[in-house]
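Quick look at what Swiss-Prot lists:
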ACT_SITE  98  active site, nucleophile
ACT_SITE  123  active site
């Protein structure tokens with residue numbers, strides 16, 4: 001069962017019922033709580049653009065609990081975060097892995113956070129190929145370029161040398177919230193708002 005909770009709010013005109021995500025959106029909170037796919041990306045991008053149109057000066061809060069997912073869908077979110085004027089604060093609640101971790105570290109500098117029991121994981125992009133040898137070679141080149149680009153981005157956002165990032169992302173590299181802070185993925189581990 002996938003029930004979405006509702007909240008009831010008193011207004012001048014009477015009671016108003018919201019699904020919880022719409023209510024959080026009023027407070028400029030966007031949640032990624034699943035694998036990142038095209039549908040999730042479209043929803044998150046729409047929310048970011050809406051919040052920018054509402055107020056381009058106020059920060060947006062992106063809460064992340066995601067195992068990652070599609071790189072193209074992830075880049076749609078990441079590019080929109082960079083495109084819009086408001087700072088996007090990021091917060092890992094639970095797990096931010098793969099592209100979830102990339103979104104986490106791409107928040108506004110000084111505004112990237114993790115809750116104390118969060119876990120963060122970085123690794124190289126995953127992919128597969130089938131078909132003729134030429135098609136496999138083209139796909140392999142694309143994945144290797146993507147790997148280089150992602151490692152470069154992690155290095156730039158964290159301040160780590162690219163050689164260390166390349167080494168760490170060869171396999172799944174898990175970190176606690178405090179380890180992610182030391183690595184430069186988040187700026188602080190928070191226990192209170």
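Each Cβ is built from the backbone N, Cα and C atoms, and glycine gets one as well.
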Cα separation, residue 123 (active site) to residue 98 (active site, nucleophile) (Å, whole number): 6
Proximal but sequence-remote residues of the same chain as residue 123 (active site) (Cβ under 8 Å, at least 6 apart): 97, 98, 169, 170, 171, 172, 173
Collapsed DSSP category at the residue listed as 'active site, nucleophile': coil
